[in-house]
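Notes for the one structure printed next.
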Amino acid sequence: MDFVAGAIGGVCGVAVGYPLDTVKVKIQTEAKYTSIWHCVRDTYRQERLWGFYRGLSLPVCTVSLVSSVSFGTYHHCLAHICRFRYGSTDVKPTKADITLSGCASGLVRVFLTSPTEVAKVRLQTQAQSQTQQRRPSASWTSVAPALCPAPTACLEPRPKYSGPLHCLVTVAREEGLRGLYKGSSALLLREGHSFATYFLSYAVLSEWLTPAGQSQPDVLGVLVAGGCAGVLAWAVATPMDVIKSRLQADGQGQQRYRGLLHCVVTSVREEGPRVLFKGLALNCCRAFPVNMVVFVAYEAVLRLTQGLLT
């Protein structure tokens, strides 16, 4: 049931957090945005409400599978570790056991999420690249009337990607399989230690928030533990998340980065060390409500099925 509960929790979470995820990606990949509000205002002015939901269909279709694998892998890995170390799955796992299982859960996710992350980032940043292409130079404007009676129509390029599936097919055709796994090195580093932090912090906070005489926290305890676990996980994940987003968005036009280290060095040299924490506040603001919903849905499904089976 961990797989089913994880799937339901993941879908609920993505429904809550996707608009803020779009803003986060734009802030991380476009240097022109000076603040969260600047990005929100600019996105709404150019694309209206739909601009915050670009590329949503693919995450909604795949997040149930990914979340299911994450929670299922964590649970089964933890059970195998306890059985191997202590001879029984009923023994309370140590923090090291939880950390290792969480890390394994994060690493497994990468093989499923990398292609969808590439498509999501390309679609989320596509509108900005189109806007830059439409912006004419002074010299072009001076001759435009003679060449084209309707400059606006001539300057409106069609989007390169018409949707998530078209984006995946286009990337695979133009860049090969490596294109679908672009940024996966940064994604591995992000997911490994962030999911170790995620599950460890949730387990510790749940234990602290469990009322005396009970074996598990109430709904309020789950809300607080889940939200805080999400915030802590994104706090450690943000530097690699910035690099991941830049590497994955780099497939559009001339490529700037040769790899993970080159991206880190170039980004820090051009924008300073603070660039690695671009979107941190937004990540944390998004993580709290999203992971509150994820863990409440996850725990609700588990407790419901346990009640029906007993």
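The backbone N, Cα and C atoms fix where each Cβ goes, and this holds for glycine too.
As annotated by Swiss-Prot, repeat 'Solcar 1' applies to 1-80.
As annotated by Swiss-Prot, transmembrane segment applies to 3-23 (among others), with the evidence given as sequence analysis.
Taken from Swiss-Prot, the feature transmembrane segment covers 49-69 (among others), and the record attributes it to sequence analysis.
The repeat 'Solcar 2' feature in Swiss-Prot is assigned to 93-208.
Within the chain, the transmembrane segment (98-116) has long-range Cβ neighbours (under 8 A, six or more residues past its boundaries) at 58-59, 62, 65-66, 69-71, 73-75, 77-78, 81, 164, 168, 180-184, 187-188, 191-200, 203. Annotation comment: Swiss-Prot describes 98-116 (among others) as transmembrane segment.
The annotation transmembrane segment is assigned in Swiss-Prot to 192-212 (among others).
Taken from Swiss-Prot, the feature repeat 'Solcar 3' covers 217-304.
According to Swiss-Prot, the transmembrane segment annotation covers 219-239 (among others), on the basis of sequence analysis.
Residues or ranges marked as transmembrane segment by Swiss-Prot on the basis of sequence analysis: 275-295 (among others).
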Mean of the pLDDT scores, which run from 0 to 100, over the repeat 'Solcar 3' (217-304): 88
